[in-house]
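Pulled from TrEMBL, these are the features on record:
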BINDING   G161, E162, S163, G164, A165, G166, K167, T168  ATP binding site
COILED    917-944  coiled coil
COILED    973-1093  coiled coil
COILED    1152-1261  coiled coil
COILED    1328-1373  coiled coil
COILED    1424-1451  coiled coil
COMPBIAS  1113-1124  compositional bias 'Low complexity'
DOMAIN    6-58  domain 'Myosin N-terminal SH3-like'
DOMAIN    67-758  domain 'Myosin motor'
DOMAIN    1546-1822  domain 'Dilute'
REGION    596-626  region 'Disordered'
REGION    638-660  region 'Actin-binding'
REGION    1098-1146  region 'Disordered'
Amino acid sequence: MRLPGSRYARVWIPDPEEVWKSAELLKDYKAADSVLHLQLEDGKDLEYKLDPKTKNLPHLRNPDILVGENDLTALSYLHEPAVLHNLKVRFIDSKLIYTYCGIVLVAINPYETLPIYGADIINAYSGQNMGDMDPHIFAVAEEAYKQMARDERNQSIIVSGESGAGKTVSAKYAMRYFATVSGSASEANVEEKVLASNPIMEAIGNAKTTRNDNSSRFGKYIEIGFDKRYHIIGANMRTYLLEKSRVVFQADDERNYHIFYQLCAASRFPELKALKLGSANDFHYTKQGRNPAIDGVDDAKEMSTTRQAFTLLGINESYQMGLFQVLAAILHLGNVEVKDRDADSSIIPPNNGHLLTFCELMGVTYQDMSHWLCHKKLKTTSETYIKPVPKLQAINARDALAKHIYAKLFNWIVDHVNKALHTTVKQHSFIGVLDIYGFETFEINSFEQFCINYANEKLQQQFNMHVFKLEQEEYMKEQIPWTLIDFYDNQPCINLIEAKMGVLDLLDEECKMPKGSDDSWAQKLYNTHLKTCALFEKPRMSNKAFIIQHFADKVEYQCEGFLEKNKDTVNEEQIRVLKASKFDLLVELFQDEEKATSPTGAPTGKRTVLSVKPDKSRQGQASKEHKKTVGLQFRNSLQLLMETLNATTPHYVRCIKPNDYKHAFTFDPKRAVQQLRACGVLETIRISAAGFPSRWTYQEFFSRYRVLMKQKDVLPDKKLTCKNVLEKLVQDPDKYQFGKTKIFFRAGQVAYLEKLRADKLRAACIRIQKTIRCWLARKKYLRMKGAAVTVQRYVRGHQARCLAKFLRRTRAAVVVQKFQRMHVQRSRYRRMQAAALAVQCILRAYMARQRYKALVREHRAVIIQKTVRGWLARQWYKRTLAAVVRLQCCVRRMRARRELKKLKIEARSVEHFKKLNIGMENKIMQLQRRVDEQNKENRLISERLMGLESSHAAEGERLRAELSRLRSAEDDAKSNANRVTTLLEELARLRKELETTRSEKKVIEDWAETYRDEMEQMVAELKEQNGLLKSEKDDLNRLIQEQNLQMTEKMCKAIQEETQQLETDLNEERSRYQNLLTEHLRLEERYDDLKEEITLSMAVPKPGHRRTDSTHSSNESEYTYNSELAESEEGSRGGEGPTDPPVQGNLDMSLFLKLQKRVTELEQEKQSLQNELDRREEQFQRARARKARSAELEYESLKRQELESENKKLKHDLGEMRQSLSGSAGATSAAPGSPAYKVLLDQLNASCEELEVRKEEVLILRSQLVSQKEAMQHKQTMTEPVLYVEDVQKMRDAGEITQAYISLKDTNRSPNPDYHRLNEDGELWLVYEGLKETNRLLETQLQAQRRSHENEVEVLRGELQSIKEENNRQQQLLAQNLQLPPEARIEASLQHEITRLTNENLEMLNTDDPKKYREYRLNVLRRMIDLMEQLEKQDRTVRKLKKQLKVFAKKIGELEGGQVENVSPGQTVDEPIRPVNIPRREKDFQGMLEYKKEDELKLVKNLILELKPRGVAVNLIPGLPAYILFMCLRHADYVNDDQKVRTLLTSTINSIKKVLKKRGDDFETVSFWLSNTCRFLHCLKQYSGDEQFMKFNTTKQNDHCLSNFDLAEYRQVLSDLAIQIYQQLIKCMENILQPMIVSGMLEHETIQGVSGVKPTGLRKRTSSIADEGTYTLDSILRQLNSFHSIMCQHGTDPELIKQVVKQQFYIIGAVTLNNLLLRKDMCSWSKGMQIRYNVSQLEEWLRDKNLMNCGAKETLEPLIQAAQLLQVKKKTDEDAEAICSMCNALSTAQIVKVLNLYTPVNEFEERVAVTFIRTIQSRLRDRMESPQLLMDTKMIYPVTFPFNPSSLALETIQIPGSLNLTFLTRV
């Protein structure tokens, strides 16, 4: 964003096509410039001329970050182009049709069905503040509902807009919202009736126009009434200005009212045959538009909907047929043909078919109607005349009659709709919904447009005043200095219309004139207002029209038809004919006004004003009411409407029509800006912009612009911090004001602050980018450097090795060359040295002599020059010195004189001498230091000179030594020169020998190379053959393994899929069952509530706001499985209750019967679902067992395959032996006894032995398989007889079991049948045949053994079954014996044993085997002897115990007697006697508690009803109440008291339900009883005696099992109760978490400074609830910790805790995601990072609690993917592919919604392109998913209660005294 007038600033300039076009300044603007140099967005340059008078600059564009805001008032620059552009961006790019403009909701018609009006969206907006969610009609409705309840003030929703803008749909959705969130106070379904009025009013009041297929041709105001609890109790409707002219005339491509076409489409129905209707093209009133059909609309189906709505509103079938009869008569009336009789009269031909039908349907005479259609009656003071009328007037009279009849019918229907919606309950408040036409202007504007625009003038005035009032209240609230804002007041225009002598007044006056006409009325208007009113104008080219300057635009009205439409006259004789009709409904329509059904008491012509109570003061004038003009009636009703609106709090919805072609999401800027100007949106913007439109709270300002502050600027007081910073940033104090809670900014200041913020962030980003890029570049450089160093190292190493090799070779060559060259050079050197020395000697001598002579000459010349030059210099010096000294003397004398004078003066001062001495001392010290330095330099120079002399001497000595060495070397070279020749000859001879050796070596190497190639080729061939063999072997092995793996994987996959399917089906069935259980409980609660309402008098509800969903009912029922029995018992204990009044006793009896029937059906369905659930669980267990069996069988199959491979190996060895024998048979036959024959026999014997071993292994394996099969078959007969047999048939076929043995037999067979070739004698053949016989014998034995084994298994199975039956009988007898006295138990057991033996004897007599019978008799005798011995042993034991008992009794008596005798005289008998401590053993408790029956109520009261979890229960053992109740139940079972068991269980269940009903909103209470209910259920299972539960018990616990009663049914009831408590726990938890989730997960900035708050408009978030912002993520985590600690403290099962946590996280994820999808301000990159951080904190919490495997993390996956979607790159096709693969947990609608809502918070972010969103949609088109946008926050996962046995021994439980259960006795 640039400063205004600076280069690159973006502006808006007017454009004839697009209204406003964006451009950019190319150079800075100066004050003297008259032209702006601009560049358009398409790159075209433009020179924009400024107005020379005003010099107004173009409007500035807002920063891109503010484009697309939810609220137009959040824009920094508030003007028309900014508003238009913002609406266009939201509508086209983001597909958002709703936008706030301050207090106005702007709704743009999308001409497409959008999925944003479902029940899930309603639930999402219910209870939310208006600024917290994205703009929506539901948000406006919720705000109205909330203010009605909070402020106790009636509300109004004013929906306006032109035809086709969507007014009716918006009003319909608002009413649907009220009907859904409020519900009704009774079962009368008032909300359904309110909604049912819509199709009726649309049928009779809506029609197709060129702009809208369902255009409302009337205005309506619906008051929805509420009681004190804010439930809908009724409604009332007022209608305005019905367009009656549409009944008789329609323009091209338009239709009449829908009801006519619905009647024609349904004319084939039998009940409508009498109406004699046909196609719509057959009637004049329905075919004028020439397009009677609407695309996508079935009129016959709509007719059915209309009739259903009539029925629902109480209009019975007869009345409906009457209405249709009147409507059909109107159609027939339109087809009545009128012909000219002469110029002044007309006639209807006799027997006109349509007129006959009309008279027949209306019940009037044909003659009268045909006569008065062509005649009229004129009355004078004395006489009455009947005058014929011409054809044109007759047709107009016919049409006027049709319009009048339809208006009467319309009024009658509206009246009856109001009657149906009326209620006798007192109305506490109401919300009115006004659906009224918007400002209209056409090419030809008549009376209807005049009335419509008049109404809009009144509404606009009310709107302006309301907006002005809100602005003033806001400023006063914030204590901002209030300056009067100049806004447009349209009161002059209203006065022009309605004041005295106004347009309407003159029109009424002209209507009263006998000869009044439209022309004379126009002249009166000109004369009255043309010169006096500036808003009234006369067209230049017309005298029959006038122009009025409305608030929206100038409108030219044609005067023609004004008087006629204002009079709305109908022939009274025609009305009189209709009143004389025999048709009751018609008579009711036209009866006198005092008896009319219309409550208004006045026919309103084109509109109807309805109220609940008629005005009694006007009934006396009812006969004259019909003479009122339409304009007067409209003015009065409009005044009444304005009074109603002024008495309410208004809410405004402005509907905009985006284009005239009904194209989906197509935006026409011209049409849009016209409507924005007309509907007052721009006026709202102008009023806001005139003051301080941008408003920030101090916290929002601090959060947003914290980056502009330095650390020293931040103070503890945020308000003071903001003030100090703002004073530095904005120099002009008039640009802002500080309020109490907000900062107010002028227009454009937010854009300036955004520029400063963007610049600061851009600088920070550049610094971060610089650092990161430096780091990346350095990392890249270091990687490249490392790579280069590595490459260099290897290259240099290679080069070094090459160099070393080269150097070695070079060194060798150099050594040879050295010695050779040395010899040559030495010889040459010596010769040259000798010659050189001679020449040098002579030359040096000559040169030395010449140099000596020159030196002598030079020395002498120098001496002469020195002497001469010295004399000359001395002479010059003397002369110069004398002159200088003279000059110095003169100068010094002069200076000395001057100095002397100064010195004389200074000499007198001591300081002068001191200074003089100081200066001299310093000079002396400096000179001394300079002397020292000079001495040091001299010493250094002398030392250096001495060093040079010594080095020169050493160098001379070295040169002398080198000279002597060279001389000796010259002598040696001369001596060795002679040896060189000899060495050269020897070298030539050696070279010849070397050549000969090389040639021989080459021949040998060639031969070796050839031999090596041949051998390598042979080895390669052998290796290739070996590789082929190995590859074939590996391929075969791999193929076998792959087949095994495929079979294993296939089987595992099939089992896994089946298991998953069973689990899915099980969860679905469980979910269905629990949902039905919830519905069942809801109906029970409703049933109990109705019973209470009948029993007790109706309690007066307390006033207050109670928000509940219409389908919600609290879980506060006491009705249980045995509730009726419990209620009867409580009734008997409680005595007589209050008697029911007889009137209330008969109330809703049919409803009671229906509920009882419904309860019975639900119980049956519940039982069937329980059976289905058990069956599914059983199938699941079977599948698991089958999977285990398949693994074991697979292991056995692998073992069998190993044996088969060994057999194949033996077969292969046998084949090799045969081949060796057949190969040697051709040469010599192996005779018996020969070595070959012996070897062969040995190998054959070894093979036979190996074969026998393998056979034994196969037999053992087969026996194991068979035994395992029989065992599994036996097990399957007890559990799953059908499934396992099928598995065995599939897995272990008979052929498969014997496959190993058959393969073993095959090893003994050879493919060659000629076995006699093995040897001559054929012994091997005989051996082989014997082996075959042995194999057959073994196979026969194996089969016999198998049959015997199967028989044994069958016998054992039968014995096992009999033993089980005997065991069951023994248990039953044991249970019976335990109930008998000890003496009778022995006799009963003996009797039972005798009976059993007798039965066995009878069974054995029936057997045919005498041997078995004898053995059986012996066994019986042995048993009888054993029983007699046991009986004698028990008798001896009893006698012994009796003797001991007598001895103990005697001792006790003696001890008691001794105590009585030892009483001292001072003691009295009444005093307590200290007992003697007698040691005895501790009593052995059985874990039971005994109580009396009358103490049952006390037990339930103390243990359940009055137990407080936060009090006594905190210190108890977890589940102690459940243990106590079960111990009491055990005692009732022990004593076999079924009544006691039943009452205890019923009382327990009822009491728990009472506690939940009373304290169901307390999480701690609900958690406590959920834990105890589950523990009680587990105890019933653990001690039930079932084997599946007893296997977890100790021996002592198994002894405590219930013995007499099977409580399986009560276990199911307790399970249902636990489900109910669990659902109540989830609801309670949801109510606690719900207010925290959005604030903590979305709104609160966990990572501070990442996302600043964007500028917001008038709709501030959290405006209604001030403390919502206090919730943070830590609040959620603390609450989760609280939930978890409470459940752990109460001993809740760990698996149940996991399910609760999973449900908690689902709620958090679903609510967060839903709010994210409905809040545009939350869809940004930074918010995605915040969400991911918050989710990571939740995951960390799961890890801390060891709950990562509970499935809670998976429930957050949609939220995680949505956060990732906000952060990923969204530009290219690759990004689209990545998004599609990443967001698999999000639906297509959710992905597209997030992309559409994505909003940059900073200028560095970019918006998502529309093409990218289209790409995403095309890629996700094939997904099969639900189109639902929001997640179901009410969804509850099906709960399961896994069995969790307790290790706590019942006998060790102690009852604390705090429970007040002293009446319980431990047994």
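The backbone N, Cα and C atoms fix where each Cβ goes, and this holds for glycine too.
Those TrEMBL annotations? Automatic predictions, nothing curated.
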For the recorded ATP site, enumerate neighbouring residues of the same chain (Cβ within 8 Å of the Cβ centroid of G161, E162, S163, G164, A165, G166, K167, T168, site residues themselves excluded), in sequence order.
N109, N212, S215, S216, G438, C655, K657
Counting other Cβ atoms within 10 Å of each residue's Cβ, which of the binding-site residues S163, T168 comes out lowest?
S163
Most Cβ neighbours inside 10 Å, all chains, among the binding-site residues G164, G166:
G166
Binding-site residues: G161, E162, K167 - member with fewest neighbouring CB atoms within 10 Å:
E162
Where does the mean pLDDT land for the coiled coil (1328-1373)?
71
Taking the Cβ of A165 (ATP binding site) as the centre, how many other Cβ atoms fall within a 10 Å radius?
26
